[in-house]
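J.: Reproduced below are the annotations present in Swiss-Prot:
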type: TOPO_DOM; residues: 1-34; note: topological domain 'Cytoplasmic'
type: TRANSMEM; residues: 35-55; note: transmembrane segment
type: TOPO_DOM; residues: 56-84; note: topological domain 'Extracellular'
type: TRANSMEM; residues: 85-105; note: transmembrane segment
type: TOPO_DOM; residues: 106-117; note: topological domain 'Cytoplasmic'
type: TRANSMEM; residues: 118-138; note: transmembrane segment
type: TOPO_DOM; residues: 139-171; note: topological domain 'Extracellular'
type: TRANSMEM; residues: 172-192; note: transmembrane segment
type: TOPO_DOM; residues: 193-197; note: topological domain 'Cytoplasmic'
Amino acid sequence: MSTTIDMPGSSKAAKAGKPVLVTTPSRPGGWKKGVAIMDFILRLGAIAAALGAAATMGLSDQTLPFFTQFFQFEASYDSFTTFQFFVITMALVAGYLVLSLPLSIVAVVRPHAAGPRLFLIILDTVFLTLATASGASAASIVYLAHNGNQDTNWIAICNQFGDFCAQTSGAVVSSLVAVLVFVLLIVMSALVLGKKH
């Protein structure tokens, strides 16, 4: 960006009647620093989403108020191995995001350093895959809980276990928010690594 300023003086350019060009130096870091700050903020949001998903699913439990002599009707996350996988993977994703915060801070302090960003983009891709797999598998079980499957004689349980289904659905939505944030983090890091200036 350049600016022209007419200044009367004794310089040769001023005597010749030509405008003097003055350039303002660009700030080091510039837009890359802004992207790094946004990266840090998005990581905090993804931590909240992943922890919320793991906690909501882990605390999902409902017991029906009636029972027989031999059976008590209960639904909890540990009744489904897919939900157990979901809780473990979302806890791992949240743990990774917490451990990635120092590298994100390094990217804010040194916006032109490519090493931390490259390391983060590789690990973000790994944990994006893990979060997507656990979210999608839990979503399929939640769908079956809501709708059942008549071909296999699986009945929908959400008519009886409404609170349980609401909690598990909320956990799946929260995990998909974390997946969306991971996608944004990867795209932002790729843009910063792809631009030279």
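Cβ coordinates come from backbone N, Cα and C, glycine included.
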J.: Applying the under-8 angstroms CB criterion, which one of 35-55, 118-138, 172-192 scores highest with the transmembrane segment (85-105)?
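T.: Per the Cβ under 8 Å count, 35-55.
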J.: Determine which residues of the chain contact the topological domain 'Cytoplasmic' (106-117) at the Cβ level, with the cut-off under 8 Å and only residues 6 or more beyond its ends counted.
T.: 28-30, 32-33, 35-37, 39-40, 189, 192-193
J.: Could you please provide the mean pLDDT value for the topological domain 'Cytoplasmic' (106-117)?
T.: 85
J.: Count up the helix, strand and coil residues in the topological domain 'Extracellular' (139-171) according to DSSP, in that order.
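T.: Summed over the topological domain 'Extracellular' (139-171), the classes give 19 helix, 2 strand, 12 coil.
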J.: Treating G and I as helix alongside H, and B as strand alongside E, what does DSSP give for the topological domain 'Cytoplasmic' (106-117) in helix, strand and coil?
T.: 8 helix, 0 strand, 4 coil
